[in-house]
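Below: one structure, written as structure tokens.
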């Protein structure tokens, strides 16, 4: 039996982020819809061709999305929120963008769909909205149109469709509550219609994605798979596709389904391939995701050959990427600044396609020459294990020497709080901001000129110092109590620290999609992490010299740096997080020596890092909390440690939030009307809290009365003496005019509440 290979999906944005640029040009009114559609057609044709040329047997179609693939599925099913609907009920590209970006058909603002993380990745999807009695119909033929495009170009294809149970699982009920699973019977006819249309086009296999099968689903959701797939069988062959974790716990349900094949992620999952092979129906095709779609490391193809060879001829077999290559940059050959050794360790999406082809060829026709080719390809990643670029004995010794004492502050919170009150003598309702101030064109230009060599270090530092001086002066004029330096020197909260730590490298074009038109370029952690010199001390010390008020030192926490980077695969995530924590622990110590008495360690990704299955949560939370404490615990009693977190669900991890033992936590609460504080109230959270009093993602300026009312609500849940007053998040993306006005109103609201206490 000949083994075939395939990818589960390919990056959409284009090597030069062509899709992003075309989207934003269209949204700004600078280009026509036809011009945007042409860019999409060109990208799809190029990506299909590139995959085919790299040796992919079956290229995916339907993985392209104008904004997000879950949103595309919503439109396919005719699921458009009423506030975004065209008057005649039609669906077009503008409908899709309105849902993603927040507009009514009239052009007036209307709430965008909620956005949240796609499983445990850094990609975000638009959450489907469901209402009782809702009707579904085939409303958007993008998938069928793209299948026609690919067939016309002569490609061997495999359409990709998000499965019905996972689609419902990912959504939320709006309005009157009901069981959204009850809508399954209503969406299945649309799926049947789509599969019928694909059958008419001569399609043999359809990849139907059901990643919810890696989760610990409630019994009623697991039971829904059987009737769903009974309804979908018979028109085409279905490759039930899972990824991001193992499926062993749901295997009994899976193997009873009327499908013809199963794709399993054997990179992220711990499934035993031999046992899986033995337990599946003999006639099923087994697709093994052996090439990591979520990281940038070259595969050890010799290793995979040894693991897979016993399966050859045991059943129909395909090899694939572990998940969609959406999460990987496109082409390593474009990276001209990486040194040769490091570059030899990497593989981006196109190189991963070539890896699949090489491994498939070797398994189909093994020979000494082919095995030598696999060994030669795998040699750099094997040589890496002994590279001095990877291993730093001092870091490894320091990590091994960590004791329980290293992760605990000297005294409990009550004693520290007394020492801090004495040192800072802050008023009731102390006001502060989260860290960053508006990144003006001038600031971005200054950094770019320095990075590209048009500006020397001395003039760059002079320019940044001037912006810090302005930020301090603005805050003093506004009457804020605890100041920040404004972060003019920072392009990104993770990249900035990665650039100053050993163990990281950066790409030129390693862009991956975050959501819509937003792309990120994660750093790559290649080895043991250490801090060669102080990172933030110079700027914090300068800012503090300009004012008698306390200035916060600003650090990104170890878990967030880990989660927002491409990590090593040869050590555990815990090891990486603790290495970062040790490096930043030294930064905390140096900030203290420089006279900085308040230090903020941001951990917005703490909750994002949770494993997919709740059974694995406790182990993760233990080391994540320990990493934060290792970072912070070196601080003296009268040094106040702040942390900032911006997400909307604390209930299920409150024990861990409290265990961080930060003196002050600032959180995002304005959009929930302070309801998030309920978790802290119920838990009787003992330390100080700064609930965000206005939404920095909106240009709207909150009134004094609005902020005052929110603070009064907060004081009903948390004792006023433990409350801080601050925005929801950093102000990097805002302009100065609305920033000044919003902060002035915030300070005035705090002053009014203080006056009541006198």
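From the backbone N, Cα and C atoms, a Cβ is placed for every residue, glycine too.
Per Swiss-Prot, active site, proton donor is recorded for 697. Look at residue 697 (active site, proton donor): DSSP puts it in coil.
As annotated by Swiss-Prot, 5-methyltetrahydropteroyltri-L-glutamate binding site applies to 17, 18, 19, 20, 117, 518, 519, 564, 608. Taking Cβ-Cβ distances under 8 Å and a sequence gap of 6 or more within the same chain, the neighbours of residue 19 (5-methyltetrahydropteroyltri-L-glutamate binding site) are 12, 13, 39, 40, 43, 517.
For 434, 435, 436, 487, 602, the entry in Swiss-Prot reads L-homocysteine binding site. Note: residue 487 (L-homocysteine binding site) has non-local neighbours 435, 436, 437, 554, 730, 732, i.e. same-chain residues 6+ apart with C-beta under 8 A of its own C-beta. DSSP assigns residue 487 (L-homocysteine binding site) to coil in the three-state reduction, placing it in neither a helix nor a strand.
For residue 434 (L-homocysteine binding site), other Cβ atoms within 10 Å of its Cβ number 24. The L-methionine binding site annotation in Swiss-Prot covers 434, 435, 436, 487, 602.
Annotation source Swiss-Prot lists Zn(2+) binding site at 644, 646, 668, 729. Under the DSSP three-state reduction, residue 668 (Zn(2+) binding site) is assigned to coil, being neither helix nor strand.
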Maximal Cα-Cα distance (Å) across residues annotated as binding L-homocysteine, namely 434, 435, 436, 487, 602: 13
Listed recorded positions 117, 519, 608, 644, 697, 729, filtered to Cα within 10 Å of residue 434 (L-homocysteine binding site): 644, 729
Among the 5-methyltetrahydropteroyltri-L-glutamate-binding set 17, 18, 19, 20, 117, 518, 519, 564, 608, as the record gives it, the longest Cα-Cα distance in Å: 29
Residue 608 (5-methyltetrahydropteroyltri-L-glutamate binding site) and residue 697 (active site, proton donor), distance between Cα atoms, whole Å: 20
Least surrounded among the binding-site residues, given as 602, 608, 668, when other CB atoms within 10 Å are counted: 608
Conformational class of residue 17 (5-methyltetrahydropteroyltri-L-glutamate binding site) under the three-state DSSP mapping: coil
Pairwise CA distance, residue 646 (Zn(2+) binding site) versus residue 602 (L-homocysteine binding site), rounded so that it is a whole Å: 9
